[in-house]
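K.L.:
Have a look at this one before I ask anything.
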């Protein structure tokens, strides 16, 4: 009996040790987040183990687990028609309300899912429910792009597939086919999807061949640059789930098809040291000491190396490509972007990417609505649905859909 009690106590302590992590006191529903993070860390560790043993790629393990959970989410199509098709060879799913008045034109929304350009299931679970909700609440035609992901493909494939699908949808004859008002089309994305949404909206804005332009863009905790992994939010939230700083660096390298040995040099900003000529022209575009308010900067200090690892930018020129890092765009390119709604979360390493981009858009003359959630964390929108139902996620979804309802 004593042995059984001892083993039980040991198991409880072991489980508690794995689950418990210190979290900021203002973060939403911390114990629920701890449980979610513990499960995610387990899957990540299993993926790393399988990868090192040569069994499969670590990303495949993550996707298998995520898709398995997403398939358990209740499916409801009430009032919404769903069609799987291809736009210019790219897989998409089109959502539209079943009921339509004669000659009625609807809004249109192009949506790009997040997941570090490598994980996620846009046709399953939370993303499927999110697109159905947008279609229903906005009486809109919603197109979600099922772009191919790493490790099978790398940049610029994800960007190009999103762009090509978007250009196809924005053709006047295609919009007419779906009864979409060409004056009321928006682009939306979360996390890596926010990156793709920002990049695509920039290109559509400057594309003279596109007669239809976006009226609005919605960027939900977007990732917009990989030159500074020591912004105040990266420093403050480097160990806050579910997107840890090291994990974000790994996602970037997976996206670019690069060696993960670059993670550590990038985390200490060795790739953007002062002796690197290639990155010097972009420093002002992400100079958070001037772009962020004092309430965000707090007492954090910039991390700028005198000398570093110039070979990283030489091997990965995409780090300076605006199609991968929209924050690096010149002002004349930003000026052509549509009005923006940018949602950021206090407890997110990507918080400052969104805040800096909003500031740069404003400097270029673009109207920006900034929605900052003090109790928010990265990924909360995806956890607004079953089985998580995070209150901050539900609020985030309500906020951005309400903004689209008013501005689209």
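Numbers run from 1 along the shown chain.
A Cβ is built for glycine as well, from the same backbone N, Cα and C atoms used for every other residue.
From a predicted model like this one, the values you see are computed outputs, not experimental measurements.
Below are the features listed in TrEMBL for this protein:
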DOMAIN    109-267  domain 'Alpha/beta hydrolase fold-3'
ACT_SITE  191  active site
DOMAIN    321-381  domain 'Alpha/beta hydrolase fold-3'
ACT_SITE  348  active site
ACT_SITE  378  active site
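I'd like these features described in context: how deep, what's nearby, how far apart.
P.N.:
Within the same chain, the residues at least 6 positions away from residue 191 (active site) whose Cβ sits under 8 Å from its Cβ are 114, 115, 116, 220, 221, 222, 223, 243, 350, 378, 379, listed in sequence order.
Sequence-distant contacts of residue 348 (active site), defined as residues of its own chain at least six apart whose C-beta falls under 8 angstroms from its C-beta, comprise 221, 233, 237, 240, 243, 376, 377, 378.
There are 27 other Cβ atoms within 10 Å of the Cβ belonging to residue 378 (active site).
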